[in-house]
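Student: Sharing the record's features from Swiss-Prot:
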DOMAIN    3-132  domain 'Nudix hydrolase'
BINDING   T8, N33, F35, G36, G37, K38, W117, P118, D119, D120  2-oxo-dATP binding site
BINDING   G36, E56, E100  Mg(2+) 1 binding site
MOTIF     37-58  motif 'Nudix box'
Amino acid sequence: MGTSRLYTLVLVLQPERVLLGMKKRGFGAGRWNGFGGKVQEGETIEDGAKRELREESGLTVDTLHKVGQIMFEFVGEPELMDVHIFCTDSVQGTPVESDEMRPQWFQLDQIPFTDMWPDDSYWFPLLLQKKKFHGYFRFQGPNTILDYTLREVDKL
């Protein structure tokens, strides 16, 4: 395994629904996902998460709650993705489509797992139960999980 790069993922999770975005271009295009991306130099992880949410959905947020951290390895890629996962139930603004993402609300019993990253169906249940977690997923290409670990933790 090589070096890692910091990424963020933000889920707007309200009592009956979750906001996801359809990725329109780049890494993960054609899949529903939370909002996030690379943390920029000189930026805290949380500030990066807030910036990505604003850029991709038009929403602003005061408080984020860190709920998980997952390391992703893609066979053949030298860099690991160190993804810090946040959620919030309170945002300002109305979701708007950006050049990268098309936001849409989903009822919690209608989350489109078949059109999401394959790992989401493993850790989303922990997120919905308001549990914190650490994970590692090793992928062969974008669709095949070769190996994974996922555990609930008390704190991150």
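Glycine too: its Cβ is placed from the backbone N, Cα and C atoms.
Context for these features, please: burial, neighbours, distances.
Tutor: According to DSSP, G37 (2-oxo-dATP binding site) sits within a strand segment.
Cβ neighbour count for E56 (Mg(2+) 1 binding site) (all protein chains, 10 Å cutoff from its Cβ): 26. Secondary structure at E56 (Mg(2+) 1 binding site), as computed by DSSP, is helix.
Counting residues 6+ beyond its ends, the motif 'Nudix box' (37-58) has Cβ neighbours under 8 Å at 5-10, 12, 19, 21, 64, 66, 84, 86, 91, 93-96, 98, 100-101, 103 in the same chain.
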Student: Count the residues of the domain 'Nudix hydrolase' (3-132) that DSSP assigns to helix (H, G, I), to strand (E, B) and to coil, and report the three numbers in that order.
Tutor: 28 helix, 54 strand, 48 coil
Student: List the residues of the same chain that sit at least 6 positions away from T8 (2-oxo-dATP binding site) in sequence and have their Cβ under 8 Å from its Cβ, in sequence order, or write 'none'.
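Tutor: When sequence neighbours closer than 6 are ignored, T8 (2-oxo-dATP binding site) has G36, G37, V39, I45, G48, A49, E52, V83, H84, I85, F86 within Cβ distance under 8 Å.
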Student: Can you give me the same-chain residues 6 or more apart in sequence from D119 (2-oxo-dATP binding site) with a CB-CB distance under 8 Å?
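Tutor: Those within reach of D119 (2-oxo-dATP binding site), by Cβ under 8 Å and sequence separation of 6 or more, are I70, F72, G135, F137, I145, Y148.
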Student: If I take the alpha carbons of F35 (2-oxo-dATP binding site) and E56 (Mg(2+) 1 binding site), what is the distance between them in whole Å?
Tutor: 7
Student: If I take the alpha carbons of W117 (2-oxo-dATP binding site) and E100 (Mg(2+) 1 binding site), what is the distance between them in whole Å?
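Tutor: Each residue's Cα considered, W117 (2-oxo-dATP binding site) and E100 (Mg(2+) 1 binding site) end up 17 Å apart.
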Student: List the other residues in this chain whose Cβ sits within 8 Å of the Cβ centroid of the Mg(2+) 1 site residues G36, E56, E100, in sequence order.
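Tutor: The answer, listed by sequence position, is G21, K23, F35, G37, E52, L53, E55, S57, S98, M101.
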